[in-house]
Amino acid sequence: MNHALILPILLPLVTGAGQLLFYQAPFALQRLLGFASTFWLLLLGIWCLQIAGTGEHILYHAGDWPAPFGIVLVLDRLSAIMLALTAVLGVCCLLYASNGSDKRGAHFHALFQFQLAGLNGAFLTGDLFNLFVFFEILLIASYALLLHGGGRARSRAGLHYVIINLTGSALFLIALGTLYGLTGTLNMADLALRVADAPPQDVPLLAAASLILLVVFGIKAAILPLLFWLPRAYSAASAPIAALFAIMTKVGIYAILRVFLLVFALGEEPIGETAWGWLWPLALLTLALGGVGVLGSDSLRTLTAYLVILSVGTLLATISFATEASLGAALFYLIHSTGMAAVFFLLADLLGQQREEGYDRFSATGPIGHRWLLGSLFFIAAIAMIGLPPFSGFVSKAWILQASAQEPQGLWLWGVLLAAALLTLIAVSRTGSSWFWRPGDMANPYPLERGPLTLVAIMVGLNGLLAVFGDPVVGYLELTAQQLLDPHAYIAAVLPDASAAAQEISP
Amino acid sequence: MELLYAITLGVLTTCGIYLLLRARTFTVILGLTLLSHAVNLYLFASGRLVAGGPAIIGLTERSADPLPQALVLTAIVIGFAMTAFVVVLALKAAVELRNDHVDGENPDEDRA
């Protein structure tokens, strides 16, 4: 058993606790600790990518209790990708926050570490109740981070965000209670086996539990009827926090993948079918609403929040085909869209600070300082975000379209996806022309901070690199999709005895 | 016992959801609390209701399932912390927004 596997959870947790305990220590030290932990997480993420790349499921039995009695952490390719993505995003957000916005509220760095611990835990755990606990950890941290900096808009958005997530947690527990009551286990692999041979009278209740779980993950991921908290919350959060929240909706998508491709996927008539049936139309509607919202937003941060919704719709619509090609394409798009949403939240702050009036609101028409430099950056970032070559958005969208072309319903996705992309193009070019082109030069521009500017440029550059070195990434993601569609391998890794017995019984 | 338990759960959940849909933060928090009580009881019942059964195998003929008890304990702790947080947040919002509406604004403000 490799004890390093628990480090992605333990390291930020201990760091965060230390930062809370010694909050009187100099701020520079707190910041340094936060950076040290996050960089270690990045290294751990790369290490995870490497060891998960062999295709094995790497297990960590907490307290050495054997599954399904104890809690297991399971690292497979999908978890490794999410861990690495979180770490990269964490480093970028922390770097951006260290330009001074981390001083605007108490305990920023400790909360940031708790957030990372919750995210990493959610990606690693192989137990449904443990998933709930890590959801709560990341949510508690996110409630406080959302309010970081204070102000009326944040309190208002925070109240909505907290209440809807508390309701979601209550629903999560109801689903867990139902599942435990019917199967007597909460280990995902064990659940998958027991759900598959559940007696017929239990099937409706299990289906109900699966749909409640869909609602819970739908709240986290922001699927159509459950997404109205998102634009206000994301646009109220301070820039580095909003950028980190770009991964939060992806936690919901990760949970959907995990639960509906593993727990409810087995058996002759998989119970997850009902949920998949709901997911497809809702995802398309989410995608369409995201496009309309992008066009109708009144500030760059709201626009970015709707871009997040758009990306969730695209992802879930692609995932709901559940083929190898579509899952691979969706994962590529997940990496791309998380990065670009973060870039746009940071960009909104960067540009807003240079504008003479209105911060990031579209109604303000004042000039902007350094317009050539910032304008070029915005132009390149916009190209990357919309999905034009040579950036990874183009690769991912081309792959999604290619994968969905083989499906009978794929044409729907083609239509909605391309229409939404057109709406985004219009909205972003309107922003560009009204901010950089029309107002002319500013007489006395505000001083430009080089650090954040370089950081955002590097993040856009990373997106370009993802396209340039796309081939190994695509290969890795294809293998990830294969692994995801083979739940038996996961179960065999977690429960070697039970799955051997099950295979003996069913010839 | 099962019937009483089920009715209690139903009443708690109904009241919780009704209060959750109200417009002011205080009632919404009350609703959340009732809902979380209902959820905790529900989780507890998922290990089946056993009277006089210790959570150790072999002492009596029927033993209680200890796992839901542990789950409920976790859920209670988390729910308690969350309620405390949301109370503080609601107070903060009430002070900053000068009203206690969930949407942060009083819809009848102009009429008064």
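Each residue, glycine too, has its Cβ placed from N, Cα and C.
Annotated features, as they stand in TrEMBL:
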TRANSMEM  A:32-53  transmembrane segment
TRANSMEM  A:74-97  transmembrane segment
DOMAIN    A:126-416  domain 'NADH:quinone oxidoreductase/Mrp antiporter transmembrane'
TRANSMEM  A:128-147  transmembrane segment
TRANSMEM  A:159-183  transmembrane segment
TRANSMEM  A:203-230  transmembrane segment
TRANSMEM  A:242-266  transmembrane segment
TRANSMEM  A:278-296  transmembrane segment
TRANSMEM  A:303-323  transmembrane segment
TRANSMEM  A:329-351  transmembrane segment
TRANSMEM  A:372-391  transmembrane segment
TRANSMEM  A:411-432  transmembrane segment
TRANSMEM  A:453-470  transmembrane segment
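Contacts between the transmembrane segment (A:74-97) and the transmembrane segment (A:128-147): absent, as fewer than 3 C-beta pairs lie under 8 angstroms at sequence separation of six or more. Residues of the same chain lying 6 or more positions beyond the ends of the transmembrane segment (A:329-351) and with a Cβ under 8 Å from any Cβ of it are 78, 81, 85, 88-89, 92-93, 96, 234, 238-240, 242-244, 246-247, 250, 253, 299-301, 303-304, 307-308, 311, 314-315, 318-319, 360, 368, 374, 377-378, 381, 384-385, 392-393, 395-397, 399-400, 402-403, 435, 452-453, 455-456, 459-460, 462-463, 466, 470, 473-474, 477, 480-481. Residues of the same chain lying 6 or more positions beyond the ends of the transmembrane segment (A:203-230) and with a Cβ under 8 Å from any Cβ of it are 135, 157, 160-161, 164-165, 167-169, 171-172, 174-175, 178-179, 182, 195, 248-253, 255-256, 259-260, 263-264, 271-272, 274-275, 278-279, 282-283, 285-286, 289, 305, 308-309, 312-313, 316.
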